[in-house]
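Enquirer: The structure follows.
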Amino acid sequence: MGSQVLQILRQGVWASLTGGWFFDPHQSTFSNCFHLYVWIFLLIFPFLLYMVLPPSLMVAGVYCLVVAVIFATIKTVNYRLHAMFDQGEIVEKRNSTMGEQEEEAAQGESSLPRDPGVEMTVFRKVSSTPPVRCSSQHSVFGFNQVSELLPRMEDSGPLRDIKELVREQGSNNVIVTSADREMLKLSSQEKLIGDLPQTPPGVVPDPSLPSTDSSERSPMAGDGVPWGGSGVADTPMSPLLKGSLSQELSKSFLTLTRPDRALVRTSSRREQCRGTGGYQPLDRRGSGDPMPQKAGSSDSCFSGTDRETLSSFKSEKTNSTHLDSPPGGHAPEGSDTDPPSEAELPASPDAGVPSDDTLRSFDTVIGAGTPPGQTEPLLVVRPKDLALLRPSKRRPPMRGHSPPGRTPRRPLLEGSGFFEDEDTSEGSELSPASSLRSQRRYSTDSSSSTSCYSPESSQGAAGGPRKRRAPHGAEEGTAVPPKRPYGTQRTPSTASAKTHARVLSMDGAGGDVLRAPLAGSKAELEAQPGMELAAGEPAVLPPEARRGPAANQPGWRGELQEEGAVGGAPEETGQRECTSNVRRAQAIRRRHNAGSNPTPPASVMGSPPSSLQEAQRGRAASHSRALTLPSALHFASSLLLTRAGPNVHEASNFDDTSEGAVHYFYDESGVRRSYTFGLAGGGYENPVSQPGEQAANGAWDRHSHSSSFHSADVPEATGGLNLLQPRPVVLQGMQVRRVPLEIPEEQTLMEEAPPRAQHSYKYWFLPGRWTSVRYERLALLALLDRTRGVMENIFGVGLSSLVAFLGYLLLLKGFFTDIWVFQFCLVIASCQYSLLKSVQPDAASPMHGHNWVIAYSRPVYFCICCLLIWLLDALGTAQPFPPVSLYGLTLFSASFFFCARDVATVFTLCFPFVFLLGLLPQVNTCLMYLLEQIDMHGFGGTAATSPLTAVFSLTRSLLAAALLYGFCLGAIKTPWPEQHVPVLFSVFCGLLVAMSYHLSRQSSDPTVLWSLVRSKLFPELEERSLETARVEPPDPLPEKMRQSVREVLHSDLVMCVVIAVLTFAVSASTVFIALKSVLGFVLYALAGAVGFFTHYLLPQLRKQLPWFCLSQPVLKPLEYSQYEVRGAAQVMWFEKLYAGLQCAEKYLIYPAVVLNALTVDAHTVVSHPDKFCLYCRALLMTVAGLKLLRSAFCCPPQQYLTLAFTVLLFHFDYPRLSQGFLLDYFLMSLLCSKLWDLLYKLRFVLTYIAPWQITWGSAFHAFAQPFAVPHSAMLFLQALLSGLFSTPLNPLLGSAVFIMSYARPLKFWERDYNTKRVDHSNTRLVTQLDRNPGADDNNLNSIFYEHLTRSLQHTLCGDLVLGRWGNYGPGDCFVLASDYLNALVHLIEVGNGLITFQLRGLEFRGTYCQQREVEAITEGVEEDEGCCCCEPGHLPRVLSFNAAFGQRWLAWEVTASKYVLEGYSISDNNAASMLQVFDLRKILVTYYVKSIIYYVSRSPKLETWLNHEGIAAALRPVRALGYADSDPTFSLSVDEDYDLRLSGLSLPSFCAVHLEWIQYCASRRSQPVDQDWNSPLVTLCFGLCVLGRRALGTASHSMSASLEPFLYGLHALFKGDFRITSPRDEWVFADMDLLHRVVAPGVRMALKLHQDHFTSPDEYEEPAALYDAIAANEERLVISHEGDPAWRSAILSNTPSLLALRHVMDDASDEYKIIMLNRRHLSFRVIKVNRECVRGLWAGQQQELVFLRNRNPERGSIQNAKQALRNMINSSCDQPLGYPIYVSPLTTSLAGSHPQLRALWGGPVSLGAIARWLLRSWERLHKGCGAGCNSGGNVDDSDCGGGGGLTSLSNHPPLAHPTPENAAGSSEQPLPPGPSWGPRPSLSGSGDGRPPPLLQWPPPRLPGPPPASPAPTEGPRPSRPSGPALLNSEGPSGKWSLGGRKGLGGPDGEPASGSPKGGTPKSQAPLDLSLSPDVSSEASPARTTQDLPCLDSSIPEGCTPSGAPGDWPVPAEERESPAAQPLLEHQY
């Protein structure tokens, strides 16, 4: 805690004060000195110039020139150095620091090529969203995070008893395995390993020799004789291109050498092994040994300091690592004085590079061969520094102790270091090391979780079974530890203090572990090139080895990146496209932009799902804070540790199944394998290499996920590849501790850094001339911020010069004196320094990590303030304007300007504190805020959603005002005649109202408008974009938006003309002048009364708790009393009244008020010119009129109060201050909006800190509560300022102390974050099969919020207009809460008939705090009977005193308790309970077989399959007598047709059970097929059913009778993962449609039938019933895996029903669920939240997590506070501040898409609709006259008002809202499809869901061109009941029309595209088209549950004329899902 506070003070507070400079102990001395000197120069230089030289512009010019030169030089060098690193031209250079003796020792190798090294690329985030850390879902460890789980067991003596260990560890679990027991036993013995046979040098290994078994044998060299030091391949690394580390490697890879080496790693723990691994106290040091501890700088993803911006050197201080010296060796002390530039490392995930430890932890593998008969000793040394084993000048070693005859051996990795570029391209297919296609084992390293290869001990040439040997002087099977040398020298070594276990290599087959003394510290290793260990191992790395990193690390990191575990992507986008056969390692925590949970690990080592289940149980335990080892570690320990047990022995015979018996066998590929019985074997078979085998044959495919084990395809390589063979490791002293959630991925994926090669880069300073520069990118990034472009550099130099010029200009002007001169120079220096090294993260930065925009904030603001000071001073001096008095304030006087100048001057001097407190936003946010405020408060605009939209909106308003200004000026410049209004003024009024109406209807986002323009002007671009978009399933949303905007534009074209003409007529009359004394007050009173009734009284009566006194709404919707909503909400009378009053208010009352004020003011100005000139008065009138009218059109709920306050204040209270009603109204509207903000802020603050309901989330909250009392006065001042500037008031760290944040626009979140889906369309196939990406509840459930967003898009605007959410305004926030969906809805832009909103979905089952708050908003308070401390009860329907008091002290209120919205009801059943017993599984398998037979018989390719020769030949043996498929996956318990006699599946037994079903299915075919028992059809069905069941058994490992493997296999088949492993099934590859169209849908359909079996077990006994059920399900239901894009497409297309099998792998669960979705209408509670509460809490979260770097996942600011919904609101922030599972894009809802509102208002008007209405009216009149003349005959029903118009075109019956009677029967049936959100092709031929059309019906006669609608024979589809269907079925102009009874384009306003809907023609009797009882039963709900209201007044609600198409039954097979056939034919 203390170190974190110091870090915040140093990197946050101090850096903010200085502009970015602070002392960073983690950086090099050069870097700190450079920063200090630059900052001092920028501070002192202007100060000295001002103090020493006389003030003149010449000095200012010199100052600017010097600053420009310095900045240009620094920026140029920085830019060119980055370009140098990008080019990657490396100059090889000899190690200059190598000592003479070391050079002699390396003489033999000096000619080898040096490691050129590869420069690091700068990594940046793959996405803009850092990972989630705060969610309840993210306390997950991955398999490779074992390092963070392993404890340290530091024993105080050489011998410790197990009981002592357990007692010492307390409650922590210690896993003590047989290997540990061996270590404890052996630790008491100290015996030196005797002299071992020497190995002659020069023996070269034979590359053809095999690698040995990973658990049984060791790598061999040559004929079993270990080699000395001889040549090795010297393939250098190719240079980097464009700075990417993942570029192509050279033609040939570096050859690894020396397979017989032990692993040597330096240890970072202060511990040492004594003897054979006995535990030794590590703290016994000499008195002179220092013991520095870790520096405590724990960086997480929330710390975005300079260390995170690639400028950190060492995150830990030096530790003393004590290791044993080799026997006989003297270890001289050496200093750890490594050049800091070699240790410069980043620690920032967000800066784009891995963290400090990530790059610092490469393993170095050294060692030498061991004689055949000896078990080689283990050298375990672990460095934790990048400068690992670097050469340095140290005392020469004593070589006399080396055994004679030995020469120094070469290192394991020589020459050009093997893949030193540890960072590989994120998306590359091949990481460098993995390109060798090697199989690897990964040790769980402590802080790095990296792989370490453990080469095997050497073995004799004989390839027989391994014998356990003891070293010299030891008995067989006993390990003899060496003695510890007496005079071990201990030297300090830099190390990490995070290691919790040592990873030791051990002999897999033998039960003994031989350990040599550990190598000494780094100094000893580096200083003794000639020293040899007891086993003949050199303890020194020659120079080449120092440069050679471990070969495994780069590939490990590359794979993790490739799997998405490492959050970085290289700067350059070039990536290799290679194929690799390497099985990818487990990714730790997959990062989804969705913010969903990390993907759990797949089953490792080819394990069956049981281990996967175990893995997830381990995760669940870790989540519940139980100290349990994660399953992956359990698995590794059981597999690896137990093999060291003494019971492992070779099997005595074939039947030996005793514990530890090892059997050998050959698999089908000829690979020799071993299998060990019992725990020692771990249940897995291991490959055993033999003499002469290829190395590839010995590799074990550890990561195979198929049911059969197979070898990896490792290509033939040299013996060096043996290093990469798997090798078990021992995890010593394992103990689990809890992993803090804030550990970033980059810190859990640490890799030990290799020793960096000393190389230089070519720096081209002139064309053709270069010099060598020895530097690296990380050091440069630590030194200076990177600027990527030339223009950015030029802009930075220019900005720094401008800062210097303007600052010095103010100094020359004399604005500052005394100490303020120095303060101003400090401000100048901070602004300039931020252009070189900015504050990261800044207090105003909305994101973690490096924010490049922030770097420009200070200088830009400084320039603006300086210009403002200079301008105000000039204006005050010149006084160009005469002073004006407005509302008692004198404006434009000299004192006014000077006062403003002084305020700006003081503000500029306070810049360091302003930026420390974060009171100024970053530049782009400030620009957007200013433009939005000007547009909203000056011109009545709507909110902006981005800086671009703000610019567009303000430009549009300025153009409109400029156009109107000319008319207004011309009208008031000429004198007016008495009692007359000039025509020009009337024209101005007409244009003003019309343009205000049009602007209020347009969105501020021009994207859709531009797409319309582009489609008209540039159709080729549109076609190109469409072709690109066809790759994914089509999204109907963009086209629907374009259609809606097109309708609005066409409607406005008509309505604006009408409005302008009417307004002109009214204004031209003299009504406003003649009645100006009376009319104004009448209009004010009318507006006030209507507004009060509409916006106060009605909403209060409709609230859940009216006035917080009544317990029920007075005006209840029809659904209020329903327990379960059955249909769409009914339109109530008070909703119609509310909408009608709003219409009258918007379009009649307020335009009249504004026109009256305009006319009166203009008349007054013309008659009596006032203090304003005419030009100013015309401008004021234009702007005020535009603003007031647009505000009235957009947001009428707030207008009546503004008008009332204006009248009261300026007509009665202060009439002398009035400047005319129009200007008064304009000013009061601005003032009222600020007062509303202030009111909301005060309510939030008082509610939050009310002492009787304070909820302290932490101890800090309790501590800060008393300090809030003296803070109250300051708090009120802050509230006033924040209300004035629209800034949030945020609680500091969630406490009761509030501080003001920076100004934000209405869209107050600055990052455009929205959730990206994770499904099979955007993930790799291998991850789909192995890891099932996104298989967690959050990712899978996010689709329901996406569907909810689409539903709201159709209905939200209309529902708001109908008053169903109460009063609303821009910026309001609502919470929608139902049983499982909890979403936060932000209203951003509120226009006239449009709403732009964003929805944020929370977790279904969230944290404890979230559940408490959900309970608070969903539970009722009606039952509360308390009054103070007693319970007297309450009056009927009235709240008790306590409940009423409590509801008033909440920051939220329930506005509707029954808001009906279309969505999906989700039912999930646990699949385990439904398949627990064998009988239930047998039912499923039987339905599986029947479904396969059904799909075979229905397939159109059946004839092709039956005639296929290959298929017939493969199935011919099936018909032989006595044939049975005896696969072990078949059993009597699950296969109904199992043949006991033949012990398998035979054709006769199959026919005995399924022949009747086959014959029935064949009989339903149109073409007859042979159906005999031995016919090709039956044989094909038999073959496919056997294949399908074998695939299920193979996937589920059905040898086991347990349920989990069965579910695993069922889920694998359900998602399409078919593994055809048997040669007998390969005939299916003759046509893949056999799998795609038969077997795959069969397993899905079987699951649905199995579900139905529980409701009616005997329903499907008859073949006809089963056949019809499958056919109905096939057409009505979409059955798909949730990862399939078809699933998302089906949901977004509003499919009625869906089914899926979900495998949930969350941290707390691992189970299979059957998910059933049914589309229906859901009931939500609508809770309106105080918008300032949301703004304040979000601002507080941002400040706490980004700037204050609070990493605590259980921080107090997210604990539940029911009065403010603190947890729910904070959870909905953008990730990583919050953790919503879905964030929608900004979505616009239009009123025209609401069907009920359109029915109420008639819809938009267009020219085409008007023309059609006129023609129809004429035709109707003509027919009526003709019928009247023909002896009084009746007119056709179709022409009597019920048949034409909109209703005839509607694709729905006119029945608007079903009554309970006619809707009662529909509860059992799935609802008909709702809004037509996408193309919904039908599966049938007609496609419209009706019987074949009656062709004799005459189509309606339509004059004019034919309608652009479906053909006359194509009738309405019941699957499209919503409004948008009307948009698609229209006339040539494609527009709506008004309702028929309203005159314009009534129901007859549209051409009929099918038969008239009003009734059948007279010539036709009503037809009963019911096909069958089933059909009619299906049709009934389709008819009675339509959403559309009755559109024609002549038809009573709830009824339809007989024979209307609405009465037509819907055949069952036609009621199809919207996704249609493409959704049912999935691709696998």
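Note: Cβ is positioned from N, Cα and C throughout, glycine not excepted.
Annotations for this protein, taken from Swiss-Prot, read as follows:
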type	residues	note
TRANSMEM	33-53	transmembrane segment
TRANSMEM	54-74	transmembrane segment
CARBOHYD	Asn95	N-linked glycosylation site
REGION	96-116	region 'Disordered'
MOD_RES	Ser127	phosphoserine
MOD_RES	Thr129	phosphothreonine
REGION	193-239	region 'Disordered'
COMPBIAS	198-208	compositional bias 'Pro residues'
COMPBIAS	263-273	compositional bias 'Basic and acidic residues'
REGION	263-625	region 'Disordered'
COMPBIAS	305-319	compositional bias 'Basic and acidic residues'
CARBOHYD	Asn319	N-linked glycosylation site
MOD_RES	Thr370	phosphothreonine
MOD_RES	Ser392	phosphoserine
COMPBIAS	427-437	compositional bias 'Polar residues'
MOD_RES	Ser431	phosphoserine
COMPBIAS	444-459	compositional bias 'Low complexity'
COMPBIAS	488-497	compositional bias 'Polar residues'
MOD_RES	Ser505	phosphoserine
MOD_RES	Ser521	phosphoserine
TRANSMEM	793-815	transmembrane segment
TRANSMEM	819-836	transmembrane segment
TRANSMEM	852-872	transmembrane segment
TRANSMEM	880-900	transmembrane segment
TRANSMEM	903-923	transmembrane segment
TRANSMEM	946-968	transmembrane segment
TRANSMEM	980-1000	transmembrane segment
MOD_RES	Ser1025	phosphoserine
TRANSMEM	1078-1098	transmembrane segment
TRANSMEM	1244-1264	transmembrane segment
TRANSMEM	1280-1300	transmembrane segment
MOD_RES	Ser1697	phosphoserine
CARBOHYD	Asn1770	N-linked glycosylation site
REGION	1845-2028	region 'Disordered'
COMPBIAS	1890-1921	compositional bias 'Pro residues'
MOD_RES	Ser1909	phosphoserine
MOD_RES	Ser1955	phosphoserine
COMPBIAS	1966-1977	compositional bias 'Low complexity'
COMPBIAS	1978-1987	compositional bias 'Polar residues'
Enquirer: Report the listed stretch (54-74, 793-815, 903-923, 980-1000, 1244-1264) having the maximum count of Cβ pairs within less than 8 Å of the transmembrane segment (946-968).
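Expert: Stretch with maximum Cβ contacts: 980-1000.
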Enquirer: If you count Cβ atoms within 10 Å of the Cβ of Asn1770 (N-linked glycosylation site), leaving out that atom itself, what do you get?
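Expert: Here the count is 28.
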Enquirer: Would you kindly give the Cα-Cα distance separating Asn1770 (N-linked glycosylation site) and Ser1697 (phosphoserine), rounded to the nearest Å?
Expert: 34
Enquirer: If you draw a 10 Å sphere on the Cβ of Ser1697 (phosphoserine), how many other Cβ atoms land inside?
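Expert: Summing over all protein chains shown, Ser1697 (phosphoserine) has 19 other Cβ atoms within 10 Å.
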Enquirer: In terms of Cβ proximity under 8 Å, which residues at least six beyond the ends of the transmembrane segment (1078-1098) contact it?
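Expert: Distant contacts of the transmembrane segment (1078-1098): 1071-1072, 1115, 1134, 1137-1138, 1141-1142, 1144-1145, 1149-1150, 1152-1153, 1156-1157, 1160, 1196-1201, 1203-1204, 1207, 1221, 1363, 1367.
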Enquirer: With Cβ-Cβ distances below 8 Å as the criterion, list the same-chain residues six or more beyond the ends of the transmembrane segment (793-815) that contact it, or say none.
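Expert: Tertiary neighbours of the transmembrane segment (793-815) are 46, 49-50, 55-57, 59-60, 63-64, 67-68, 71-72, 75-76, 79, 787, 821, 824-825, 827-828, 831-832, 835, 856, 859-860, 862-863, 866-867, 869-870, 873, 905.
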Enquirer: Below 8 angstroms Cβ to Cβ, which residues of this chain, lying six or more residues outside the transmembrane segment (54-74), approach it?
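Expert: Same-chain contacts beyond the ends: 38, 41-42, 45-46, 784, 796-797, 800-801, 804-805, 808-809, 811-812, 832, 835-836.
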Enquirer: Sort out for me which stretch, of 819-836, 852-872, 903-923, has the most Cβ pairs below 8 angstroms to the transmembrane segment (1280-1300).
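Expert: Highest pair count goes to 903-923.
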